[in-house]
Amino acid sequence: MVDIYSLVFQAYEMRNAGAVIHSHGIESCLVTMINPLAKEFRITHMEMIKGIQGHGYYDELVVPIIENTAYEYELTESLAKAIEAYPKTTAVLVRNHGIYIWGDSWISAKTQAECYHYLFDAAIKLNQLGLDPSTPIHGPIQNVKGVLGSGIHRNISVNAGTAASDNKSDPSQRCIVLDIEGTTTPISFVTDVLFPYARNNVGRHLSATYDTAETQDDIKLLRSQVQDDLEKGVVGSVPIPLDDVGKEGVIAALVANVESMIKADRKITALKQLQGHIWRTGYEKKELEGVVFEDVPEALKKWHDSGIKVYIYSSGSRLAQRLIFGNSNYGDLREYLSGFFDTTVGNKRESSSYAEIVQSVGVDKPSQVLFVTDVFQEAVAAKEAGLEVIVSIRPGNGPLPENHGFKTVNSFSEI
(Lines of atoms letter the chains of each structure in order from A; the text may use other names.)
(Lines give C-alpha, C1' and ligand atoms only; values in the text may rest on other atoms or scores of the structure.)
Protein backbone atom coordinates (compact mmCIF):
# COMPACT_ATOMS: atom_id res chain seq x y z
CA MET A 1 0.00 0.00 0.00
CA VAL A 2 2.89 2.32 0.81
CA ASP A 3 4.36 1.62 -2.65
CA ILE A 4 1.18 2.69 -4.44
CA TYR A 5 0.78 5.74 -2.22
CA SER A 6 4.28 7.01 -2.97
CA LEU A 7 3.51 6.78 -6.70
CA VAL A 8 0.06 8.32 -6.83
CA PHE A 9 1.29 11.08 -4.52
CA GLN A 10 3.45 12.32 -7.40
CA ALA A 11 0.33 13.17 -9.42
CA TYR A 12 -1.44 14.65 -6.41
CA GLU A 13 1.52 16.87 -5.57
CA MET A 14 2.86 17.77 -9.04
CA ARG A 15 -0.46 18.15 -10.89
CA ASN A 16 -2.86 18.98 -8.07
CA ALA A 17 -4.89 15.90 -9.05
CA GLY A 18 -8.22 15.17 -7.42
CA ALA A 19 -8.02 11.43 -8.14
CA VAL A 20 -5.54 8.93 -9.54
CA ILE A 21 -6.30 5.57 -11.16
CA HIS A 22 -3.73 2.80 -11.53
CA SER A 23 -4.76 0.22 -14.13
CA HIS A 24 -3.31 -3.10 -15.26
CA GLY A 25 -5.58 -3.18 -18.32
CA ILE A 26 -4.07 -5.49 -20.91
CA GLU A 27 -4.20 -2.78 -23.61
CA SER A 28 -1.97 -0.51 -21.51
CA CYS A 29 0.58 -3.34 -21.27
CA LEU A 30 0.49 -4.48 -24.89
CA VAL A 31 0.78 -0.98 -26.34
CA THR A 32 4.17 -0.57 -24.62
CA MET A 33 5.45 -3.79 -26.21
CA ILE A 34 4.96 -2.82 -29.86
CA ASN A 35 8.38 -1.21 -29.81
CA PRO A 36 10.49 -2.09 -26.74
CA LEU A 37 12.69 1.00 -27.27
CA ALA A 38 9.86 3.52 -27.48
CA LYS A 39 9.71 6.23 -24.84
CA GLU A 40 6.27 7.53 -25.88
CA PHE A 41 2.88 6.42 -27.15
CA ARG A 42 1.42 8.66 -29.87
CA ILE A 43 -1.96 8.77 -31.60
CA THR A 44 -3.96 11.42 -33.45
CA HIS A 45 -7.27 11.95 -35.27
CA MET A 46 -9.31 9.56 -33.11
CA GLU A 47 -12.64 10.55 -31.55
CA MET A 48 -11.77 9.41 -28.01
CA ILE A 49 -8.85 11.86 -27.86
CA LYS A 50 -11.53 14.46 -27.10
CA GLY A 51 -12.07 12.67 -23.78
CA ILE A 52 -8.51 13.43 -22.63
CA GLN A 53 -8.14 16.67 -20.70
CA GLY A 54 -6.76 19.51 -22.84
CA HIS A 55 -7.00 17.60 -26.13
CA GLY A 56 -9.21 17.63 -29.23
CA TYR A 57 -9.79 15.37 -32.22
CA TYR A 58 -7.05 16.97 -34.34
CA ASP A 59 -4.45 17.01 -31.58
CA GLU A 60 -1.67 14.48 -31.16
CA LEU A 61 -1.94 12.64 -27.85
CA VAL A 62 1.47 11.84 -26.38
CA VAL A 63 1.83 9.57 -23.33
CA PRO A 64 5.31 8.96 -21.84
CA ILE A 65 6.46 5.39 -21.24
CA ILE A 66 8.72 4.54 -18.30
CA GLU A 67 10.45 1.22 -17.63
CA ASN A 68 9.04 -1.28 -15.13
CA THR A 69 10.97 -2.30 -12.02
CA ALA A 70 10.98 -5.28 -9.68
CA TYR A 71 9.34 -3.24 -6.92
CA GLU A 72 6.67 -0.64 -7.39
CA TYR A 73 8.26 1.94 -5.08
CA GLU A 74 11.28 2.02 -7.40
CA LEU A 75 9.10 3.69 -10.07
CA THR A 76 8.69 6.84 -8.00
CA GLU A 77 11.64 8.77 -9.43
CA SER A 78 11.04 7.88 -13.10
CA LEU A 79 7.32 8.64 -12.74
CA ALA A 80 8.09 12.07 -11.29
CA LYS A 81 10.54 12.80 -14.11
CA ALA A 82 7.95 11.83 -16.74
CA ILE A 83 5.29 14.03 -15.15
CA GLU A 84 7.73 16.95 -15.12
CA ALA A 85 8.94 16.35 -18.69
CA TYR A 86 5.41 16.14 -20.15
CA PRO A 87 3.43 19.02 -18.63
CA LYS A 88 0.33 18.32 -20.74
CA THR A 89 0.02 14.62 -20.00
CA THR A 90 -2.57 13.19 -17.61
CA ALA A 91 -1.10 9.69 -17.72
CA VAL A 92 2.15 7.73 -17.62
CA LEU A 93 2.52 4.23 -19.07
CA VAL A 94 4.74 1.66 -17.35
CA ARG A 95 6.14 -0.88 -19.79
CA ASN A 96 4.79 -4.43 -19.34
CA HIS A 97 2.90 -3.23 -16.27
CA GLY A 98 0.05 -0.74 -16.72
CA ILE A 99 -0.75 2.95 -16.47
CA TYR A 100 -1.25 5.78 -13.97
CA ILE A 101 -4.03 8.24 -14.90
CA TRP A 102 -5.13 11.35 -13.01
CA GLY A 103 -7.84 13.99 -13.22
CA ASP A 104 -9.42 16.88 -11.36
CA SER A 105 -11.96 14.47 -9.85
CA TRP A 106 -12.68 10.74 -9.76
CA ILE A 107 -15.16 11.28 -12.61
CA SER A 108 -12.47 12.94 -14.75
CA ALA A 109 -9.93 10.23 -13.95
CA LYS A 110 -12.43 7.44 -14.73
CA THR A 111 -13.58 9.04 -17.99
CA GLN A 112 -10.01 9.52 -19.15
CA ALA A 113 -9.10 5.96 -18.16
CA GLU A 114 -11.86 4.63 -20.42
CA CYS A 115 -10.67 6.83 -23.29
CA TYR A 116 -7.00 5.87 -22.84
CA HIS A 117 -7.79 2.15 -22.90
CA TYR A 118 -9.96 2.58 -25.99
CA LEU A 119 -7.15 4.46 -27.76
CA PHE A 120 -4.56 1.85 -26.78
CA ASP A 121 -6.80 -0.92 -28.11
CA ALA A 122 -7.34 1.04 -31.35
CA ALA A 123 -3.58 1.58 -31.76
CA ILE A 124 -2.86 -2.11 -31.23
CA LYS A 125 -5.44 -3.14 -33.83
CA LEU A 126 -4.29 -0.50 -36.32
CA ASN A 127 -0.74 -1.72 -35.89
CA GLN A 128 -1.88 -5.31 -36.55
CA LEU A 129 -3.43 -4.08 -39.79
CA GLY A 130 -0.18 -2.38 -40.77
CA LEU A 131 -1.63 1.10 -40.21
CA ASP A 132 -0.02 3.97 -38.35
CA PRO A 133 -2.20 5.59 -35.62
CA SER A 134 0.28 8.44 -35.14
CA THR A 135 -0.46 10.01 -38.54
CA PRO A 136 -3.64 11.97 -39.37
CA ILE A 137 -4.80 9.63 -42.18
CA HIS A 138 -3.73 6.41 -40.40
CA GLY A 139 -2.07 5.23 -43.57
CA PRO A 140 0.28 2.25 -43.98
CA ILE A 141 3.21 2.10 -41.57
CA GLN A 142 6.15 3.58 -43.45
CA ASN A 143 9.91 3.36 -43.28
CA VAL A 144 10.67 6.50 -45.25
CA LYS A 145 14.00 8.27 -44.78
CA GLY A 146 14.36 6.42 -41.52
CA VAL A 147 10.93 7.25 -40.11
CA LEU A 148 8.88 4.31 -38.92
CA GLY A 149 5.24 4.60 -37.90
CA SER A 150 3.41 2.54 -35.29
CA GLY A 151 1.78 4.95 -32.90
CA ILE A 152 4.91 4.47 -30.82
CA HIS A 153 7.57 7.15 -31.17
CA ARG A 154 10.63 5.38 -32.55
CA ASN A 155 12.80 8.48 -32.70
CA ILE A 156 14.45 7.80 -36.07
CA SER A 157 16.04 10.82 -37.76
CA VAL A 158 14.42 11.97 -41.01
CA ASN A 159 17.82 13.26 -42.02
CA ALA A 160 19.32 9.79 -42.13
CA GLY A 161 20.54 8.81 -45.55
CA THR A 162 19.41 5.23 -45.09
CA ALA A 163 16.81 3.58 -42.92
CA ALA A 164 18.20 2.47 -39.58
CA SER A 165 17.43 -0.78 -37.83
CA ASP A 166 14.57 -0.64 -35.29
CA ASN A 167 16.91 -1.84 -32.58
CA LYS A 168 20.13 -0.08 -33.56
CA SER A 169 19.95 3.67 -33.61
CA ASP A 170 20.30 6.70 -31.45
CA PRO A 171 17.03 8.14 -32.51
CA SER A 172 15.69 11.65 -33.22
CA GLN A 173 12.59 12.70 -35.07
CA ARG A 174 12.30 15.99 -36.93
CA CYS A 175 9.24 18.26 -36.70
CA ILE A 176 8.29 21.50 -38.41
CA VAL A 177 6.26 24.22 -36.68
CA LEU A 178 4.68 26.86 -38.93
CA ASP A 179 3.34 30.32 -38.24
CA ILE A 180 0.27 31.34 -40.28
CA GLU A 181 0.16 35.09 -41.02
CA GLY A 182 2.95 35.97 -43.42
CA THR A 183 4.19 32.37 -43.53
CA THR A 184 1.50 30.01 -44.84
CA THR A 185 -1.07 32.73 -45.46
CA PRO A 186 -0.99 36.35 -46.68
CA ILE A 187 -1.25 38.86 -43.85
CA SER A 188 -3.89 40.62 -45.92
CA PHE A 189 -6.24 37.63 -45.62
CA VAL A 190 -6.39 38.15 -41.87
CA THR A 191 -6.44 41.96 -41.84
CA ASP A 192 -8.63 42.54 -44.92
CA VAL A 193 -10.93 39.50 -44.83
CA LEU A 194 -11.19 37.74 -41.48
CA PHE A 195 -11.15 40.72 -39.12
CA PRO A 196 -13.67 42.76 -41.18
CA TYR A 197 -15.93 39.69 -41.48
CA ALA A 198 -15.99 39.24 -37.71
CA ARG A 199 -16.56 42.95 -37.13
CA ASN A 200 -19.37 43.17 -39.70
CA ASN A 201 -21.15 40.02 -38.56
CA VAL A 202 -20.81 40.07 -34.79
CA GLY A 203 -24.29 41.54 -34.32
CA ARG A 204 -25.92 39.06 -36.68
CA HIS A 205 -24.12 36.15 -35.05
CA LEU A 206 -25.05 37.16 -31.52
CA SER A 207 -28.70 37.72 -32.46
CA ALA A 208 -29.01 34.38 -34.24
CA THR A 209 -27.29 32.32 -31.52
CA TYR A 210 -27.98 34.38 -28.39
CA ASP A 211 -29.75 31.64 -26.43
CA THR A 212 -27.25 28.87 -27.20
CA ALA A 213 -24.90 27.64 -24.47
CA GLU A 214 -21.90 28.42 -26.67
CA THR A 215 -22.82 32.07 -27.20
CA GLN A 216 -23.80 32.52 -23.57
CA ASP A 217 -20.32 31.28 -22.67
CA ASP A 218 -18.83 33.77 -25.16
CA ILE A 219 -20.86 36.57 -23.59
CA LYS A 220 -19.76 35.55 -20.09
CA LEU A 221 -16.12 35.76 -21.13
CA LEU A 222 -16.64 39.13 -22.81
CA ARG A 223 -18.44 40.53 -19.76
CA SER A 224 -15.50 39.57 -17.58
CA GLN A 225 -12.98 41.05 -20.02
CA VAL A 226 -14.92 44.30 -20.46
CA GLN A 227 -15.33 44.72 -16.71
CA ASP A 228 -11.59 44.34 -16.32
CA ASP A 229 -11.01 46.83 -19.15
CA LEU A 230 -13.36 49.37 -17.57
CA GLU A 231 -11.54 49.12 -14.25
CA LYS A 232 -8.23 49.70 -16.06
CA GLY A 233 -9.62 52.58 -18.12
CA VAL A 234 -9.10 50.90 -21.50
CA VAL A 235 -10.22 53.30 -24.24
CA GLY A 236 -13.30 52.15 -26.18
CA SER A 237 -14.73 49.94 -23.41
CA VAL A 238 -18.50 50.17 -22.99
CA PRO A 239 -20.40 48.79 -19.97
CA ILE A 240 -22.51 45.73 -20.84
CA PRO A 241 -25.99 45.93 -19.27
CA LEU A 242 -27.56 43.04 -17.40
CA ASP A 243 -29.78 40.60 -19.27
CA ASP A 244 -32.97 42.06 -17.78
CA VAL A 245 -32.39 45.19 -19.89
CA GLY A 246 -33.16 43.09 -22.97
CA LYS A 247 -31.23 41.17 -25.57
CA GLU A 248 -30.94 44.12 -27.95
CA GLY A 249 -29.24 46.33 -25.37
CA VAL A 250 -26.78 43.62 -24.41
CA ILE A 251 -25.91 42.88 -28.05
CA ALA A 252 -25.44 46.56 -28.87
CA ALA A 253 -22.92 46.93 -26.04
CA LEU A 254 -21.16 43.71 -27.01
CA VAL A 255 -20.85 44.84 -30.64
CA ALA A 256 -19.34 48.16 -29.57
CA ASN A 257 -16.75 46.42 -27.40
CA VAL A 258 -15.88 43.81 -30.01
CA GLU A 259 -15.42 46.47 -32.71
CA SER A 260 -13.09 48.39 -30.38
CA MET A 261 -11.09 45.24 -29.54
CA ILE A 262 -10.69 44.30 -33.20
CA LYS A 263 -9.65 47.84 -34.15
CA ALA A 264 -6.99 47.73 -31.43
CA ASP A 265 -5.88 44.26 -32.66
CA ARG A 266 -6.13 42.85 -29.16
CA LYS A 267 -5.05 39.20 -28.72
CA ILE A 268 -7.37 38.23 -25.88
CA THR A 269 -9.13 34.94 -25.28
CA ALA A 270 -12.67 36.34 -25.10
CA LEU A 271 -12.34 38.02 -28.50
CA LYS A 272 -10.55 35.12 -30.19
CA GLN A 273 -13.16 32.63 -28.99
CA LEU A 274 -16.07 34.70 -30.35
CA GLN A 275 -14.25 35.43 -33.61
CA GLY A 276 -13.66 31.72 -34.13
CA HIS A 277 -17.37 31.00 -33.79
CA ILE A 278 -18.29 33.82 -36.19
CA TRP A 279 -15.75 32.61 -38.75
CA ARG A 280 -16.98 29.03 -38.42
CA THR A 281 -20.43 30.19 -39.51
CA GLY A 282 -18.85 32.11 -42.39
CA TYR A 283 -17.02 29.02 -43.63
CA GLU A 284 -20.13 26.88 -43.25
CA LYS A 285 -22.12 29.36 -45.34
CA LYS A 286 -19.32 29.49 -47.95
CA GLU A 287 -18.95 33.21 -47.27
CA LEU A 288 -15.33 32.60 -46.27
CA GLU A 289 -12.54 30.54 -47.81
CA GLY A 290 -9.16 30.06 -46.17
CA VAL A 291 -6.15 31.27 -48.17
CA VAL A 292 -2.69 29.71 -48.28
CA PHE A 293 0.20 30.44 -50.63
CA GLU A 294 0.41 28.16 -53.68
CA ASP A 295 3.59 26.41 -52.49
CA VAL A 296 2.05 25.42 -49.14
CA PRO A 297 -0.11 22.38 -50.13
CA GLU A 298 2.69 20.66 -52.02
CA ALA A 299 5.18 21.23 -49.19
CA LEU A 300 2.75 19.97 -46.53
CA LYS A 301 2.11 16.81 -48.54
CA LYS A 302 5.82 16.27 -49.17
CA TRP A 303 6.71 16.60 -45.49
CA HIS A 304 3.80 14.41 -44.45
CA ASP A 305 4.69 11.67 -46.93
CA SER A 306 8.30 11.80 -45.68
CA GLY A 307 7.15 11.15 -42.13
CA ILE A 308 7.87 14.68 -40.89
CA LYS A 309 5.24 15.90 -38.44
CA VAL A 310 4.02 19.43 -39.11
CA TYR A 311 2.37 21.64 -36.49
CA ILE A 312 0.83 25.11 -36.55
CA TYR A 313 1.59 27.80 -33.94
CA SER A 314 -0.42 30.98 -34.28
CA SER A 315 -1.80 33.75 -32.10
CA GLY A 316 -5.25 32.86 -33.46
CA SER A 317 -7.30 30.22 -31.67
CA ARG A 318 -6.91 26.57 -32.58
CA LEU A 319 -10.46 26.66 -33.97
CA ALA A 320 -9.53 29.57 -36.26
CA GLN A 321 -6.42 27.70 -37.40
CA ARG A 322 -8.35 24.54 -38.23
CA LEU A 323 -10.94 26.53 -40.14
CA ILE A 324 -8.31 28.13 -42.39
CA PHE A 325 -6.63 24.83 -43.27
CA GLY A 326 -9.85 22.82 -43.35
CA ASN A 327 -11.52 25.22 -45.79
CA SER A 328 -8.57 26.46 -47.82
CA ASN A 329 -8.40 27.52 -51.45
CA TYR A 330 -6.61 24.18 -52.01
CA GLY A 331 -9.12 22.05 -50.13
CA ASP A 332 -8.87 20.43 -46.70
CA LEU A 333 -5.19 20.40 -45.70
CA ARG A 334 -5.66 19.21 -42.12
CA GLU A 335 -4.71 15.63 -43.00
CA TYR A 336 -1.11 16.85 -43.39
CA LEU A 337 -1.01 18.53 -39.96
CA SER A 338 -0.30 16.77 -36.68
CA GLY A 339 -1.51 19.45 -34.28
CA PHE A 340 -2.26 23.10 -33.53
CA PHE A 341 -0.78 25.41 -30.88
CA ASP A 342 -2.11 28.81 -29.87
CA THR A 343 -1.08 31.28 -27.18
CA THR A 344 -2.35 29.02 -24.40
CA VAL A 345 1.21 27.62 -24.52
CA GLY A 346 2.54 31.17 -24.12
CA ASN A 347 3.27 34.40 -25.95
CA LYS A 348 4.89 33.89 -29.35
CA ARG A 349 7.69 36.33 -28.46
CA GLU A 350 8.75 34.41 -25.33
CA SER A 351 11.26 31.56 -25.51
CA SER A 352 9.40 29.56 -22.84
CA SER A 353 6.53 29.09 -25.31
CA TYR A 354 8.79 27.26 -27.73
CA ALA A 355 10.26 25.17 -24.93
CA GLU A 356 6.70 24.11 -24.10
CA ILE A 357 6.05 23.15 -27.72
CA VAL A 358 9.25 21.09 -27.82
CA GLN A 359 8.00 19.14 -24.80
CA SER A 360 4.61 18.60 -26.44
CA VAL A 361 5.90 17.29 -29.78
CA GLY A 362 8.19 14.90 -27.93
CA VAL A 363 11.57 15.31 -29.61
CA ASP A 364 14.81 14.67 -27.73
CA LYS A 365 16.39 18.04 -28.54
CA PRO A 366 14.96 21.48 -29.40
CA SER A 367 17.23 21.57 -32.46
CA GLN A 368 15.15 18.74 -33.95
CA VAL A 369 12.29 21.23 -34.41
CA LEU A 370 12.28 23.76 -37.26
CA PHE A 371 10.19 26.89 -36.73
CA VAL A 372 9.18 29.03 -39.72
CA THR A 373 7.86 32.56 -39.10
CA ASP A 374 7.86 36.02 -40.64
CA VAL A 375 8.27 37.87 -37.33
CA PHE A 376 11.81 38.68 -36.22
CA GLN A 377 10.97 38.73 -32.49
CA GLU A 378 9.37 35.28 -32.74
CA ALA A 379 12.44 33.98 -34.56
CA VAL A 380 14.68 35.30 -31.79
CA ALA A 381 12.53 33.70 -29.07
CA ALA A 382 12.51 30.33 -30.85
CA LYS A 383 16.27 30.45 -31.39
CA GLU A 384 16.80 31.21 -27.70
CA ALA A 385 14.82 28.04 -26.93
CA GLY A 386 17.19 26.05 -29.14
CA LEU A 387 14.97 25.53 -32.21
CA GLU A 388 16.18 25.83 -35.77
CA VAL A 389 14.60 28.91 -37.35
CA ILE A 390 13.85 30.10 -40.87
CA VAL A 391 12.27 33.48 -41.62
CA SER A 392 9.56 33.58 -44.27
CA ILE A 393 9.71 36.36 -46.86
CA ARG A 394 6.26 36.86 -48.40
CA PRO A 395 4.48 39.72 -50.21
CA GLY A 396 3.15 42.20 -47.68
CA ASN A 397 5.40 41.12 -44.82
CA GLY A 398 7.10 43.72 -42.67
CA PRO A 399 10.80 44.56 -43.04
CA LEU A 400 13.49 42.69 -41.14
CA PRO A 401 16.38 44.30 -39.25
CA GLU A 402 19.63 44.51 -41.15
CA ASN A 403 22.06 41.67 -40.45
CA HIS A 404 19.33 39.73 -38.62
CA GLY A 405 21.33 36.51 -38.96
CA PHE A 406 18.50 34.15 -39.91
CA LYS A 407 18.16 32.03 -43.03
CA THR A 408 15.26 33.27 -45.18
CA VAL A 409 13.04 31.62 -47.79
CA ASN A 410 10.55 33.01 -50.29
CA SER A 411 8.77 29.67 -50.73
CA PHE A 412 8.38 26.42 -48.79
CA SER A 413 9.89 24.67 -51.80
CA GLU A 414 13.24 26.06 -50.59
CA ILE A 415 12.99 24.19 -47.28
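Placed from the backbone N, Cα and C atoms, the Cβ positions cover glycine too.
What TrEMBL lists as Mg(2+) binding site is Asp179, Glu181, Asp374. What TrEMBL records for Ser314, Ser315, Lys348 is substrate binding site. Summarising the annotation, TrEMBL assigns domain 'Class II aldolase/adducin N-terminal' to 11-122.
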**Item:** Residues that sit under 8 angstroms from Lys348 (substrate binding site) by C-beta distance, when 6+ apart in the chain
**Value:** Asp179, Tyr313, Ser315, Thr373, Val375, Glu378, Ala381
**Asked** Name the residues of the same chain, 6+ apart in sequence, whose Cβ is under 8 Å from the Cβ of Ser314 (substrate binding site)?
**Response** Asp179, Ile180, Glu181, Ala320, Gln321, Phe340, Phe341, Asp342
**Complete:** Grouping DSSP H, G, I as helix and E, B as strand, the residues of the domain 'Class II aldolase/adducin N-terminal' (11-122) number 46 helix, 27 strand, 39 coil
**Request:** Count the Cβ atoms, other than its own, that fall within 10 Å of the Cβ of Asp374 (Mg(2+) binding site), considering every protein chain shown.
**Result:** 22
**Message:** Give me the sequence-ordered set of same-chain residues, not including Ser314, Ser315, Lys348, with a C-beta within 8 angstroms of the centroid of the substrate site's C-beta atoms.
**Reply:** Asp179, Ile180, Glu181, Lys267, Tyr313, Gly316, Asp342, Thr343, Glu378
**Asked** Which residues, same chain and not among Asp179, Glu181, Asp374, have a CB within 8 angstroms of the centroid of the CB atoms at the recorded Mg(2+) site?
**Response** Ile180, Gly182, Thr183, Thr184, Thr185, Ile187, Ser314, Thr373, Val375, Glu378, Ser392, Asn397
**Item:** All-chain count of other Cβ atoms within 10 Å of Asp179 (Mg(2+) binding site)
**Value:** 23
